Every structure is written in structure tokens, then in C-alpha cells.
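Visitor: Here it is, the structure, as C-alpha cells.
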Amino acid sequence: MTVPAILALEDGSLFRGIAIGATGETVGEVVFNTAMTGYQEILTDPSYAKQIVTLTYPHIGNTGVNPEDEESDRVWAAGLVIRDLTLTVSSWRAEQSLPDYLKARNIVAIADIDTRRLTRILRDKGAQNGCILAGDDVDEEKALATARGFPGLKGMDLAREVSVGETYAWSEGTWDRPTGHRPGADPRFHVVAYDYGCKRNILRMLADRGCKLTVVPAQTPASDVLAMNPDGVFLANGPGDPEPCDYAIAAIREILGTGLPVFGICLGHQLLGLASGARTMKMKNGHHGANHPVKNLEDGTVMITSQNHGFAVDADTLPDNVKVTHVSLFDGTLQGIHRTDVPAFGFQGHPEASPGPHDCAPLFDHFIELMEAHGAR
Ligand SMILES: NC(=O)CC[C@H](N)C(=O)O
């Protein structure tokens, strides 16, 4: 027995399909992600809070779900939109199938819709607010009104909502441990990581490189972080608009003033830009995928990167002490910055991948080099 579901966009577009997760209602900004793998990592990435994710890859569910692929302790995406759900994999135990995973976590999701048509609308008009209703009595007018009632992500501070409540220690590494360091054994650096919505693979990749991590809530004052005597400070990815996160911008500015090495990823990179005096802006489409080419302006090389952002640092607002290190070859937007006066840098993409290619892993090594140089002084 299939259960009906509808997706309504604020522009009035309607899509009729079937429910593959929980029944009920969800609302958020609808974005499309072009990655061909990694739906579980995408769903559990806290950066997707209040976003409904459309996967452009048409056939989803083939690989089931498993505990190793969780990027946080829950699903953060507000909903899921797919073309075609794999229903034929009979070998999955119930807890390993995508629909059961979504139902157990109360995530509303829709399948059997024309995701190409949806993606074209999002590409032409930019990210749209939308609503999925799933159940036997779905009401189109209600879905449309709910979509139009969503205020949009601009101006929304979500980092403080998704962040951890308590400080905790992290020492687990990745499964393949490319650097040969045994995570947790004889750490060389103490890194304090601001959790604005941190993905676990970032922490693992730092642990691989000899970092002992203390993960702190988004609103932790700089003085508390400095009292932990870190060798470097990491600024995590996270959801929402960076601009209203005034507590984070103030803390980062104070930390930058001490000359400690600082590394920011995605939201962390945007906050580093704001703390350095630049502005951020909302993009028309944003970048969500695992195949985005990014050029390193220092050596001319191109990396294929994993991306998930809807805001960006505005390249026209950079102060003199911030240089551009990377740009997107899709749309020319700013992808990386480095401060010229202090050892601080940020990257807009997701060098930890999960999902995605590993081309950007050397960015983690650069943070280690900055901490080595800082300690040697
Ligand atoms: N992955 C992230 O950290 C996303 C950053 C920010 N929320 C954006 O959409 O641009």
C-alpha cells in the first residue's frame, strides 16, 4: 500500500508522489544535491538543518544505511526528495533500509516525482522554500500556504540550535587512516573545535593527523577556549546564515588577535571572513554536490570537491589582510581565504568529503603545518 505525498514550492509548483518516510508535514528551503553517493552522510550533515534535499541521482536506497556513515547523531535535513527508491533489495534487515531509517527518525520524504523538472525550477529561480505533506489526506492549498509561510534561511542563526550542549573530547580517526598516525595515540596537538554543526569526518581527519580534540558549543566565549591552552582552533561547518552569528564572529575575532592558528570549513570559513571584516551574501543556487571543480590560485591546480553551501564570502568586500586562495570553476565564487597577518585560513567546500573526493585532504595538513610553525616560535 503506497501512501500519497506532495511537494509544493513557494512559486506555486506542485509535485505529486509517494511517501517513503514518515507521514506528516515538513517545511524548509528546497535545494538539490548532485552527489551520486552518500545519501546517509548528506541526511545527517547538520549543515542541512531546515533544508529539504533533492537528490538528482535518480536511483536511491541501493546501499541501505549503516552506523559508520552517520555524520552526526541524527538526521538534520528537514526532508528528502528522490526520483526512484530501490525496493528490491530483500537482503536488508529492516533497520538497514532507507525507508525504515527515515520512518524511525520521523523524517518526511517523497519519491516518484520528476526531480529533473524540480531541479530545473531550482536552477532557474534559485533555492525555493517548499513543503512536503505525506499521508492519505494531503491538501495542496495547505502545502502551498506552509511553503510560503517559511521565512527563508537568510537571517536565520541555526548554528546555536544544532551545536552540542556540552564540551566533549574526540580522538577517533577515519577507517583507512591515510596518514599512518594512530588516532588518539600520543597526540601532538590540542585543537579546540567550535561545533556550529560539525560533521564527524572532520574530527576524524584531524585525529588522523595527531590532534587531540576538545569540541565546544557554538556560544563558548573565546576566553574559555583560550583557557584550554589549544595549539590551534578549528571552526566547523554548520547550517543557516553566518551573518547573525554575532557571538561566534566576536569570539573568532578575539582568537585571531592572539595569533593562534585557525582553520575554518564552510560556515567556519564564512565566520572567519566576517570576523576579518568581509561580508557574506546569499547565493542564487548555492553549491551542493561532490564534483565541484575548485582552482587553487597559488599553484594553479584544480581539485574536485564536495560542496554544501548557500551563502558565500563576498570577494568584493575583502580587507587587505585577506587574500583569496581558491575560487569555484563553476561560477567564480570565492572558495578559500588566507589571512596574511595571522596563521588563519578557511575553505568553503568540504575537504573531509563524506561523501565526495579526497582531493582537498592536504588542507588538513596545512593546518598541522601552521600549528607546527606556531609551536616552533
Ligand atoms: N556546510 C556548511 O557549513 C554550510 C554553511 C552555510 N550554512 C551555507 O549554507 O552557506
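Even glycines carry a Cβ here, placed using N, Cα and C.
Relevant sequence annotations retrieved from TrEMBL are reproduced here:
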ACT_SITE  Cys266  active site, nucleophile
ACT_SITE  His350  active site
ACT_SITE  Glu352  active site
BINDING   Ser47, Gly238, Gly240, Leu267, Gln270, Asn308, Gly310, Phe311  L-glutamine binding site
DOMAIN    3-133  domain 'Carbamoyl-phosphate synthase small subunit N-terminal'
REGION    1-189  region 'CPSase'
Visitor: Can you name every residue in this chain, apart from Ser47, Gly238, Gly240, Leu267, Gln270, Asn308, Gly310, Phe311, with its Cβ inside 8 Å of the center of the Cβ atoms of the recorded L-glutamine site?
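Guide: Everything else in range on the chain: Gly197, Asn237, Pro239, Asp241, Pro242, Cys266, His309.
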Visitor: So if I take the recorded positions (Cys266, Asn308, Glu352) and measure from each Cβ to the nearest atom of ligand 1, which come out below 6 Å?
Guide: Cys266, Asn308
Visitor: In Å, rounded, how far does the Cα of Ser47 (L-glutamine binding site) sit from the Cα of the residue listed as 'active site, nucleophile'?
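Guide: If we compare the Cα positions of Ser47 (L-glutamine binding site) and the residue listed as 'active site, nucleophile', the gap is 9 Å.
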Visitor: Judged by the number of other CB atoms within 10 angstroms, which among Gly238, Gly240, Gly310 is the least packed of the binding-site residues?
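Guide: Each of the binding-site residues Gly238, Gly240, Gly310 was scored by Cβ atoms within 10 Å; lowest is Gly310.
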Visitor: Within 10 Å of His350 (active site), Cα to Cα, which of the binding-site residues Gln270, Asn308, Gly310, Phe311 are there?
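Guide: Within 10 Å Cα-Cα: Asn308.
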Visitor: In the domain 'Carbamoyl-phosphate synthase small subunit N-terminal' (3-133), how many residues does DSSP put in helix, strand and coil?
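Guide: In the domain 'Carbamoyl-phosphate synthase small subunit N-terminal' (3-133), the DSSP-based counts are 32 helix, 47 strand, 52 coil.
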Visitor: Using DSSP, would you call Leu267 (L-glutamine binding site) helix, strand or coil?
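Guide: Looking at the DSSP assignment, Leu267 (L-glutamine binding site) belongs to a helix.
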Visitor: In angstrom units, rounded to an integer, how far apart are the Cα atoms of Gly238 (L-glutamine binding site) and the residue listed as 'active site, nucleophile'?
Guide: 7
Visitor: What does the structure give for the C-alpha distance between Gln270 (L-glutamine binding site) and Glu352 (active site)? Integer Å is fine.
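Guide: A Cα-Cα distance of 17 Å.
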Visitor: Out of Gly240, Cys266, Leu267, Gly310, which of these recorded positions is nearest Glu352 (active site) by C-alpha distance?
Guide: Cys266
Visitor: Give me the count of other Cβ atoms within 10 A of the Cβ belonging to Asn308 (L-glutamine binding site).
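Guide: I get 28 for this one.
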Visitor: Starting from the Cβ of Leu267 (L-glutamine binding site), draw a 10 Å sphere and report how many other Cβ atoms land inside it.
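Guide: That number is 33.
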Visitor: Which state, by DSSP, holds Glu352 (active site): helix, strand or coil?
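Guide: For Glu352 (active site) - judged by DSSP and reduced to three states - the answer is coil.
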